[in-house]
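Reviewing the structure listed below.
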Amino acid sequence: MGLVFLLVAFTLCFGCAHCSYSVPNTCQPIRVSICKSLPYNMTRLPNLLYHYTQESVAASVDNVEIRTLINTSCSDALVFLLCVYHLPICTSGFDIPIPPCRSVCNKVKRECTPSLQLFGRKWPSDVNCENMPTYEKGVCVKPESFVSHPPRPVCKCNKDTSINQRKFTAKGFKFVVIAEVNSITETPSERKILFAHKKTIHKSLVKLGKRKLTMYTNSSCPCPVLQTNQTYLLMGHEDTTNGKLILGPESFVYPWPTNGKKERKYRQIKKTLRAPLRNLLQKLEQELKKKRAKNNLTKLNKRKANST
């Protein structure tokens with residue numbers, strides 16, 4: 001079985017004076033199965049080979065001989081080259097088919113000629129890569145022309161405004177603070193959030209600044225939802241390796257009540273909270289108080305030992 005399909009599939013009319021398109025071009029979804037892997041899904045007919053229907057295209061490209069060559073994996077650009085010839089991209093502003101770039105043709109020729117020789121065939125003389133435009137100087141397409149945009153993740157922010165000791169332990173929160181959002185800086189991979197530190201209720205290994213706090217999200221999801229100049233009760237995790245406080249989709253964020261421009265005292269606000277949250281904060285405060293007392297005692301004992 002010879003690979004005569006190349007002689008048919010790659011017939012070109014680049015640079016020829018008689019090429020014209022008297023029939024209006026029409027855009028349509030790609031239906032030829034072998035070409036559905038193209039990075040676009042709309043094509044314009046007629047093509048460079050004067051096919052006016054996708055049925056005629058399918059007869060030329062979607063057959064046993066072509067699939068046999070593709071199965072040799074001689075070039076990862078073979079299908080792209082073949083399909084772009086027959087099913088050129090449909091784009092506004094161009095009434096004639098846009099060909100593949102010269103570099104794509106040269107790549108396929110270089111990589112697939114050995115496979116052709118195994119079948120006693122040569123690269124077809126009418127497939128002249130030099131007649132194709134270069135990407136820098138002409139209008140053409142190559143695989144790199146298409147930038148894939150990964151789908152945005154489905155973000156499920158934690159909207160639960162209730163928490164108790166069981167949930168707190170299960171989530172493994174490492175810090176609990178009250179802080180006001182000063183600024184939010186976003187990048188494609190994370191958010192950097194600057195806070196004015198109001199009060200520490202619980203902390204672990206990462207050191208907390210006395211007046212300023214910087215927290216990060218470690219995902220592209222805009223969670224939790226925060227507003228600048230708003231004060232929050234924040235429960236989150238920490239990255240001990242990099243010394244970062246982490247706010248993520250599972251973090252607990254509770255808008256901290258204020259009274260106009262002047263903030264109410266912490267104890268007054270705590271009385272207005274629901275019992276589970278109020279009891280949790282009370283317990284965390286007691287644990288922090290004990291931890292500080294223990295640390296102070298350790299420091300005192302060290303000073304005494306050094307003075308003797």
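Any Cβ shown, glycine's included, is placed from N, Cα and C.
Automatic prediction, not curation, is the source of TrEMBL annotations.
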(request) If you have TrEMBL open, could you say which of C74, C83, C129 makes the disulfide with C105? (result) C129
(request) Would you mind checking which of C74, C83, C140, C155 shares a disulfide with C112 in TrEMBL? (result) C74
(message) DSSP-wise, what's the residue breakdown of the domain 'FZ' (22-143) into helix, strand and coil?
(response) 49 helix, 11 strand, 62 coil
(message) Quick test of the contact rule: Cβ under 8 Å, at least six residues beyond the ends. What residues does that give for the coiled coil (274-303)?
(response) 162-165, 168, 176, 200-203, 254
(request) Just give the helix, strand and coil counts over the domain 'NTR' (155-282), going by DSSP. (result) 22 helix, 48 strand, 58 coil
(request) Between the Cα atoms of C105 (disulfide bond) and C112 (disulfide bond), find the distance and write it as a whole number of Å. (result) 10
(message) Out of C105, C112, C129, which of these disulfide-bonded residues shows the lowest number of other CB atoms within 10 Å of its CB?
(response) C129
(message) Are there any residues at least 6 positions away along the chain from C74 (disulfide bond) with a Cβ closer than 8 Å to its Cβ? List them or say none.
(response) V108, E111, C112, P114, S115
